[in-house]
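Chemist: Got these off TrEMBL a minute ago, pasting:
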BINDING   THR162, GLY183, ASP205, ASN248  S-adenosyl-L-methionine binding site
Amino acid sequence: MKWTELSVQTTNEAVDAVSVIFEDAGSNGVKIEDAEDYKNLRAGKFGEILDLEDIPHIESGALVTGYYASSSDIESLIFNIESQVKKLTDFGLDPGAGKVIQKPLEETEWQTEWEKYYHPVRVTRYLTVVPSWESYQKTLPEEKILKLDPGMAFGTGTHPTTKLCLQALEMYMRGGEKIIDVGTGSGVLSIAASKMGASKIQAYDLDQVAVDSAIENLKLNPDVKNVQIQPNDLLAGIQAQADIIVANILAEIIVPLVPQAKTCLKPGGLFITSGIIKDKLPTIISALKDEQFKVIEILKMKDWRAAVAQIPRDEK
């Protein structure tokens, strides 16, 4: 298969938001090159001095790159990405020029790019995300390993919004919960919830490509037997009652999801949601309070926020 590489030169402050735009546009993974990361390099882990000039880097700002099958409507993708990047000014972010650069890639080039930049990452206290081609040994008896293939994933577990959701799940799960994952993408949250002891997980995504990707990632984790993945528009028509609903989606989509989540939660159930740029947090808190949710915790990472909210036990 042939691939097309799309890149946007942006600013350090907007790099996370731009990467989410690429993921929402169906990118088969996102690569970030940030000049700030290069500037912050110090001596190597064994005290050696790094020859920084030998390390490929950009001089200023950040470069966000996504990968799309060449069979996709590339021109429409470029138009949509540029439009969404320009809208970041509405959230108080400076996206820079926001122009999309296009480059064709052969599959071998694309795979090589991912293998250079994607390695095992500890994303919570006890959870490590490992690429499918790498071997990894536990460093703690209680450590859980989650296998993912970035060739299929929309979210590899390393983005701040995904990390926040994973951390919240680890903090609040006690085992045996019924969980709904809205906008599952790569399936990383559902697979993680299963490994954390959930009894049943229902995962939904509007994009059939994402559904197929999540199913393939399930196969990389044969110990996970209790995840059901289906296409659906948020929670429209869903009658299930869950102990926890988790959603890693943009704030504009969270707002209409809130009343649906209330309907699908058991009394005392938790709604964990991320994908919230800090400037949009008041909007999300207001939407939650309008539906009688009690916000019990806000988690922070870089410019991103996650909210943990609860339906009172006597509310339903």
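From the backbone N, Cα and C atoms, a Cβ is placed for every residue, glycine too.
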Chemist: Around the Cβ of ASN248 (S-adenosyl-L-methionine binding site), how many other Cβ atoms lie within 10 Å? Please give the count over every shown protein chain.
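Modeler: For ASN248 (S-adenosyl-L-methionine binding site), the count of other Cβ atoms within 10 Å is 28.
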Chemist: Could you tell me the maximum Cα-Cα distance in Å between the residues recorded as binding S-adenosyl-L-methionine, namely THR162, GLY183, ASP205, ASN248, rounded to a whole number?
Modeler: 16
Chemist: Within 10 angstroms of the C-beta of ASP205 (S-adenosyl-L-methionine binding site), what count of other C-beta atoms is obtained when all protein chains are considered?
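Modeler: Result for ASP205 (S-adenosyl-L-methionine binding site): 26 neighbouring Cβ atoms inside 10 Å.
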Chemist: Output, ordered by sequence, the same-chain residues six or more apart from GLY183 (S-adenosyl-L-methionine binding site) with a CB under 8 Å from its CB, or 'none'.
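Modeler: Long-range Cβ contacts: TYR204, ASP205, LEU206, LEU234, ALA247, ASN248, ILE249, ILE253.
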Chemist: If H, G and I count as helix, E and B as strand, and all else as coil, what does DSSP give for THR162 (S-adenosyl-L-methionine binding site)?
Modeler: helix
Chemist: With H, G and I counted as helix, E and B as strand and the rest as coil, say where DSSP puts GLY183 (S-adenosyl-L-methionine binding site).
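Modeler: It is coil.
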Chemist: Reduce the DSSP letter at ASN248 (S-adenosyl-L-methionine binding site) to three states and note it down.
Modeler: strand
Chemist: If you draw a 10 Å sphere on the Cβ of THR162 (S-adenosyl-L-methionine binding site), how many other Cβ atoms land inside?
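Modeler: That number is 26.
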Chemist: Look up ASP205 (S-adenosyl-L-methionine binding site) in the DSSP assignment and report helix, strand or coil.
Modeler: strand
